[in-house]
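Colleague: Input: one structure, supplied below.
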Amino acid sequence: MAFAGVGQGIGTYDRTEQASGAPLGRVTSRAHFTDIHPSDDLPAQTEENRAREVGHLARQLTRQSVTVTDDSTDVFSYQEGSDLDPFSDKFNAKKWTKLMFEAVQTCGPARKAGLSFRNLGVHGFGSDADYQKTVGNLPLVGIGSLRDLIGNRKRKVQILNSMDGVLEAGEMLVVLGPPGSGCTTMLKTIAGEMNGIYLDESSSLNYRGITPKEIYGQFRGEAIYTAEVDIHFPNLTVGQTLSFAAEARAPRNPPGGISKKEYAKHMRDVVMSVFGISHTLNTIVGNDFVRGVSGGERKRVTIAEASLAGAPLQCWDNSTRGLDSANAIEFCKNLRLNADYMGISSAVAIYQAPQSAYDCFDKVSVLYEGEQIFFGKTTDAKQFFVDMGFHCPSQQTVPDFLTSLTSPSERRPREGFEGKVPTTPQEFAARWKQSDKYQELLAQIAEFENKYPVHGEKYREFLESRRAQQSKHLRSKSPYTLSYGGQVELCLRRGFDRLRADPSLTLTQLFGNFIMALIIGSVFYNLPVTTSSFYSRGALLFFAILMSAFGSALEILILYAQRGIVEKHSRYAFYHPSAEAVASALTDIPYKVMNCIIFNLTLYFMTNLRREPGAYFFFMLISFTLTMVMSMLFRSIASLSRSLTQALAPAALLILGLVMYTGFAVNVANMRGWARWMNWLDPIAYGFESLMINEFHGREYECSTFVPMGPGYEDATGQQHVCSTAGAVAGSSVVNGDAYINLSYEYYHAHKWRNFGILIGFFLFFTAIYLTATEFITAKKSKGEILVFPRGKIPHALLAQSTHSHGSSDDVEGGKFAGGSNMKKEITGADRANAGIIQKQTAIFSWKDVVYDIKIKKEPRRILDHVDGWVKPGTLTALMGVSGAGKTTLLDVLATRVTMGVVTGEMLVDGKQRDLSFQRKTGYVQQQDLHLETSTVREALRFSAILRQPNTVSIKEKYEYVEEVLKLLEMDGYADAVVGVPGTGLNVEQRKRLTIGVELVAKPALLLFLDEPTSGLDSQTSWNILLLLRKLTEHGQAILCTIHQPSAMLFEQFDRLLFLARGGKTVYFGEVGKGSRILIDYFEKNGASKCPEGENPAEWMLAAIGAAPGSHSEVDWHQTWINSPERIEVRSELARIKETQGGKGEAALQNKDYEKSKAEVKAEYAEFASPLWKQFIVVLMRVWQQHWRTPSYIWAKVALCSLSGLFIGFSFFKAGTSQQGLQNQLFSVFMMFTIFGQLTQQIMPNFVTQRSLYEVRERPSKTYSWKIFILSNIVSEIPWAILMGVIIYFTWYYPIGYYRNAIPEDAVHLRGALMFLYIEMFLLFNATFSIMIVAGIATAETAGNIANLLFSMCLIFCGVLASGSSLPGFWVFMYRVSPFTYLVEGMLSVAVANTDVVCSDIEFLTFNPPSGQSCGDYMSTFITNYGGYLVDENATTACEFCSMSKTNTFLAQFDIYYSNKWRDFGLLWVYVVFNVIAAIGIYWLARVPKNTGKERASEPEDVQEKQVPAQSTEKKYQSISRSSESTVA
């Protein structure tokens, strides 16, 4: 039923009325979501007007009967503006739903799904490798994995244990439990997403007569799982995204007799209306890097897309994440209506479930560490546990109460039940199974199974209904709705939509390739049709074929970027992954054709390649065919691998092998027998051979150089001279092209079209692999949350538990350690914390008339409007407001963290201006938990303590303080745990505690700012965080904290509240009061409706001021505040604080400074707490540690350098000193340079990781200087560069045999040492060049593209493909600028200079001397002038002459001279130093905020203005907008 899911969001149904016995059908016209970030396209006033109109409409329609303004009963034929028009304000969702349901019934019975499960168990397989991988222990991991594989030692890990339940069609189930309890696994199991997890054999599931195997296979799209992450194509509009989903599941014969496209468009419009995103129809979806709709709107796009899948059984995993509680309630009410009218069954996991949302559900399942402790009606759950002996506080919501039962620190037994209530998950599960409710459930399951036997009547009805919707051309058991051709067509249209939406990459590549063609064409401009162009023509065709072949290498990255989306759509049964693969390849063909024409046309005619129509079109044919072959090859690699790392590693070596064995760098005759097969399997080799044949076959080339020639040989005729080129015949002034390629390359004309056929075969083979792998190989299986420790530091509690099934490193849920209460109890320091160690604070921070203005699209916008307030020691102040009110922006302004716009107003510490040290004396806990993933918890805290506490405090004292904070935050049990990444490392709560700890160990002397500390956490964790903050304030900490719609219990923990309306306007600042009484009284006396008993004051307050969805207030609350006596009191208090504290502060400051030395006073008010030298040592050690603990980075370097060295070394094994041997040695150096790009791609992501952490958290808190950041990252690469140099030296230098060339002049050691130094300079240049390029660029990908372009330029102009003397005059400067010029000269001269040349048989030139002369007599003058040697000087016929006798002659052809070796070495140091200086300069120019230092601290705060340079405004604004809620998508 492709339309059924639309009902998920239709209308707003009030479940509480039905529960109380009121008639069914209380509906508003649509679901109104208040967005996290309002749309950038609408000014604030427009948003407010829209909210007011929506509220008015809601009030009109919320009554027992719905007023119908259009008598039409055809859901698809309606008048514009009627109540069936999705774009009308009168749209009546309930009426539309009823009519749609009736229309569907005329086409046959609607499909419905429910399920029962008995003894449901789910398991995975894990291993014991739960220690941190480092460069040192990674080999041990490999050995252990091999042992496990051979011995099949993987442990079975039980995730879910013996669960039972039943969900009828049209029922809603809420799944409650803390992270790690099994909620996600349960939903995935129901929906059939069993990637890496397995059903126990004893499990029994019945989907109304359908077996699990069938629901996971042929009915895959009928039960879907929607994850909490939002994955979409960022450059498609919302309309395009949802249209695609609607068309993919549109039935074969839509109701109403309309076409499938009309049906899909109508369904899209309805869904957008229902979810309140109609205004985003033509707005791109966006993501974290591409600006599009806001985060809340993107979440609704995800929900709408899943709704359009039309599944009768839907599983939603924390889909309300990113929505505030009011919008979460709206989402659940929409699901309720969907269930009641369309019969859709849904199972929903919610971490923070408001009571109103909970009331929408029929049933609840409570999970506790993989055990089911309740399943039944939502109305029965609370009483069940109360009867068991637990106490539910009056102000605690039912879902919070149920979740709290899984936390030993939160659950409370009723009086008289101490010691009688269960305490472990197993005891809870046992009590549940002994209860009457459990017996009732078993009876319901038995009744369900009797009613719906497997493959019974309901199964046949379901099958017939599904088949009626499917295309006629589908096989009977296909889960898809469209035929395969229809799927390809749909994906193809989407592909071209994506191309039109973002043509930048395509156009950039076209332009870049055109520029490259111009550059290469100008380097080889107008080649003469003589033998002097032979080498150049070969080099040109070699480079041209490589450009055609490797232009598709980026497709690996592109495919991985969309892989998650394709797999999601496959789970929804939108299309076969292979259909998208076909469409993706077809979408790229126009670009490939254009690129082939633009690049090859320019190159071909600029360089004077064979100007014949047939030759030109054959050149184009081979180039395009090879492009397609290589595209399929790279796509096959991407689809065969499960992760990007797995794909890139073999791709790098494959590229090297393909280039090496093309036939130019090593010709066929010189390929070693054991490596010849690589040439046979190399598609590029066949293309290169055909192009060489195409260029040289049947052509005669004028000889440009004869032997002998010059003075004394003017009369040489006939066979007395010969052209100095392979294939020449004595006496002939021309050389046959066929003879040249036959002798030099062993290429033959008969292979020309054969090779084309082989390329077609390669194309078909790789295409088949690509499509097959895409269809059957999914991305890497996910692992659950586990804690990772350095080897040898795993806590005994974890080691003990690892012998059992729980807590595996592969535990999909991972709650057995990371979130499990039993384990948590054993390893945490609960009840031992001493919060008294927190530094007592005495300073009062106050602000008055704070205004913040910025420019958006050249229009001024006020973000904060005359905000007043203060934070006193020992108080916890909440900062709340509607979405877009500027809460985070106010924190940033107060903490001196904004670097753009204009800030005015007073911000005082004890009545005095903030000084330069203000930022490092305050703690700022950001919403994002950013930490270096390789550090342990203790190391992260020590790093902060060392650099941010005063330098006068000893290291020992700092470390002792860290230990105290670990105990205070109850982190000592996992102090040695590695931060890791989400899933493999700290869980959400542990990360939040670490974020707070990093700021606490800095001993903030003034106050602590926290931005949304409970965001994304479950209710239990949120409560723990608030209790921690409360504990801190009780010991003197001053805290200002933003929070988004807290529960009533959380809200009561705050002392004061600063509430902002949209536009940064103050609505209230004052005490909250016991039971929120003071706050409630203020609003009630100023016109708000009375707060009902038991209502959450935070939610009531939002509704009172008109900020909740669908609500509106006639009171101007900002103006009310301005005119209130409370504000007058606030202003008076601010004046008093400034007067009294200012005087005290001045006196205290003088006394304190009097007792200190001048140096101590200077240090106290310095920008950084530690001196630069100390910063450098500490930061350098951390960067080094990061590298050591990222074995994938270092071992990838080792693998690349060693395998490339061995590959090149043995491909040119024992290269001789013949002319071909010398050319091989030249190309062995050239090929070694090709690893430059891969090394760069390895360095840049690590640098960006460090930089992100530094810029977002460490720089604003003044932890250390940006200069130290750059230098430490550069210096840390030096040891690894030295190690890689040693590896390359031994794997490359000795196999090729360079050392043998130094034996004649007894310089083996000197030249060997020089070669090692040059290798090190190559690697040092690579490291510093990489950091210089990425220093000022946002992403590693962009920097990598720029680096590759510059690298290509350096390679083209280094003198190998075209010598400096042969370059056009215009490009000579590039030859001089390229650092590779000096690397090639230095390395090659040191490698082969000053030794003899020994020609091979085919390199000798044969001619006859004049009658009566010997060969030696005839050639003596020529040899004296030009060099070379004769085989037999006394011969009188058939003189065999080698045109070179010394390797220096060969080197001179490339303008390489051994005498320049030390000059070149010195110049390379100049390049390295330049890179370092440029890296520092570029970073300062591009990324260091300007004018944020002394000027800000010294200027009077009431006139302070800061305007950022124009070039950084937009980027910085985007950063602020994502965190501040002050801007819109």
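Cβ from N, Cα, C; glycine included.
Sharing the features that Swiss-Prot gives for it:
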DOMAIN    144-394  domain 'ABC transporter 1'
CARBOHYD  Asn235  N-linked glycosylation site
CARBOHYD  Asn318  N-linked glycosylation site
TRANSMEM  510-530  transmembrane segment
TRANSMEM  539-559  transmembrane segment
TRANSMEM  589-609  transmembrane segment
TRANSMEM  614-634  transmembrane segment
TRANSMEM  648-668  transmembrane segment
CARBOHYD  Asn742  N-linked glycosylation site
TRANSMEM  757-777  transmembrane segment
DOMAIN    845-1087  domain 'ABC transporter 2'
BINDING   Gly881, Val882, Ser883, Gly884, Ala885, Gly886, Lys887, Thr888  ATP binding site
TRANSMEM  1193-1213  transmembrane segment
TRANSMEM  1229-1249  transmembrane segment
TRANSMEM  1268-1288  transmembrane segment
TRANSMEM  1314-1334  transmembrane segment
TRANSMEM  1353-1373  transmembrane segment
CARBOHYD  Asn1434  N-linked glycosylation site
TRANSMEM  1465-1485  transmembrane segment
REGION    1493-1529  region 'Disordered'
COMPBIAS  1493-1505  compositional bias 'Basic and acidic residues'
COMPBIAS  1518-1529  compositional bias 'Polar residues'
Colleague: Take the transmembrane segment (1314-1334) and find every residue of the same chain, 6 or more past its ends, with a Cβ under 8 Å from one of its Cβ atoms.
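Modeller: Same-chain contacts beyond the flanks: 1232-1233, 1236, 1239-1240, 1243-1244, 1247-1248, 1270, 1273-1274, 1277-1278, 1281-1282, 1284-1286, 1288-1289, 1293, 1298, 1340, 1343, 1346-1347, 1350, 1379, 1383, 1386-1387, 1390-1391, 1461, 1465, 1468-1469, 1471-1472, 1475-1476, 1478-1479, 1482.
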Colleague: So which of 510-530, 539-559, 648-668, 1268-1288, 1465-1485 is most in touch with the transmembrane segment (614-634), counting Cβ pairs under 8 Å?
Modeller: 539-559
Colleague: What does the structure give for the C-alpha distance between Asn318 (N-linked glycosylation site) and Lys887 (ATP binding site)? Integer Å is fine.
Modeller: 25
Colleague: Considering only the recorded stretches 539-559, 589-609, 757-777, 1193-1213, 1353-1373, state which has the highest number of Cβ pairs under 8 Å to the transmembrane segment (1268-1288).
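Modeller: Comparing 539-559, 589-609, 757-777, 1193-1213, 1353-1373 against the transmembrane segment (1268-1288), the winner is 1193-1213.
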Colleague: For Gly886 (ATP binding site), which of the glycosylation sites Asn235, Asn742, Asn1434 has the nearest Cα in space?
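Modeller: That would be Asn235, the closest of Asn235, Asn742, Asn1434 to Gly886 (ATP binding site).
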Colleague: Which value does the mean pLDDT take for the domain 'ABC transporter 1' (144-394) in this predicted structure?
Modeller: 87
Colleague: Report, as numbers and ranges, which residues of the same chain sit near the transmembrane segment (1193-1213): CB under 8 Å and 6 or more residues beyond its ends.
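Modeller: Contacts with the transmembrane segment (1193-1213): 135, 138, 649, 652-653, 656-657, 660-661, 666, 671-672, 675, 1187, 1224-1225, 1227-1228, 1231-1232, 1235, 1238-1239, 1242, 1246, 1280, 1283-1284, 1287-1288, 1290-1297.
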Colleague: Let me spell it out: take the transmembrane segment (1353-1373), skip the flanking residues so only those 6+ beyond its ends count, and list any with a Cβ under 8 Å from a Cβ in it.
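Modeller: The answer is 519-520, 522-525, 536, 539-540, 543, 1226-1227, 1229-1230, 1233-1234, 1379-1381, 1383-1385, 1453-1456.
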Colleague: Highest CB neighbour count within 10 A among the glycosylation sites Asn235, Asn742, Asn1434?
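Modeller: The residue with the most neighbouring Cβ atoms within 10 Å is Asn235.
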Colleague: Measuring CA to CA, name the entry from the glycosylation sites Asn235, Asn742, Asn1434 that ends up nearest Gly881 (ATP binding site).
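Modeller: Checking each of Asn235, Asn742, Asn1434 against Gly881 (ATP binding site), the shortest Cα distance is to Asn235.
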Colleague: CA-CA, which of the glycosylation sites Asn235, Asn742, Asn1434 lies nearest Lys887 (ATP binding site)?
Modeller: Asn235
Colleague: Tally Cβ pairs under 8 Å between the transmembrane segment (510-530) and each listed stretch (589-609, 648-668, 757-777), then give the stretch with the top tally.
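Modeller: Looking only at 589-609, 648-668, 757-777, the most contacts with the transmembrane segment (510-530) come from 589-609.
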Colleague: Using Cα coordinates, what distance in whole Å links Asn742 (N-linked glycosylation site) and Asn1434 (N-linked glycosylation site)?
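Modeller: Their Cα atoms are separated by 31 Å.
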Colleague: Within 10 Å of the Cβ of Val882 (ATP binding site), how many other Cβ atoms can be counted across all chains shown?
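Modeller: That number is 26.
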Colleague: What three-state secondary structure does DSSP assign to Lys887 (ATP binding site)?
Modeller: helix
Colleague: Give the helix, strand or coil assignment DSSP yields for Gly881 (ATP binding site).
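Modeller: The residue in question, Gly881 (ATP binding site), is strand (DSSP, three-state).
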Colleague: If you run the three-state DSSP split on Asn235 (N-linked glycosylation site), which class comes out?
Modeller: coil
Colleague: What three-state class does DSSP give Asn1434 (N-linked glycosylation site)?
Modeller: coil
Colleague: Quick check for the class: what is the C-alpha distance, in angstrom and rounded, between Asn1434 (N-linked glycosylation site) and Val882 (ATP binding site)?
Modeller: 102
Colleague: Check Asn742 (N-linked glycosylation site) against DSSP and tell me helix, strand or coil, would you?
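Modeller: In three-state terms, Asn742 (N-linked glycosylation site) counts as helix.
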Colleague: Please report the three-state DSSP label of Asn318 (N-linked glycosylation site).
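Modeller: Looking at the DSSP assignment, Asn318 (N-linked glycosylation site) belongs to neither helix nor strand, so coil.
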Colleague: How big is the Cα-to-Cα gap, in Å, between Thr888 (ATP binding site) and Asn235 (N-linked glycosylation site)?
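Modeller: Cα of Thr888 (ATP binding site) to Cα of Asn235 (N-linked glycosylation site) measures 28 Å after rounding.
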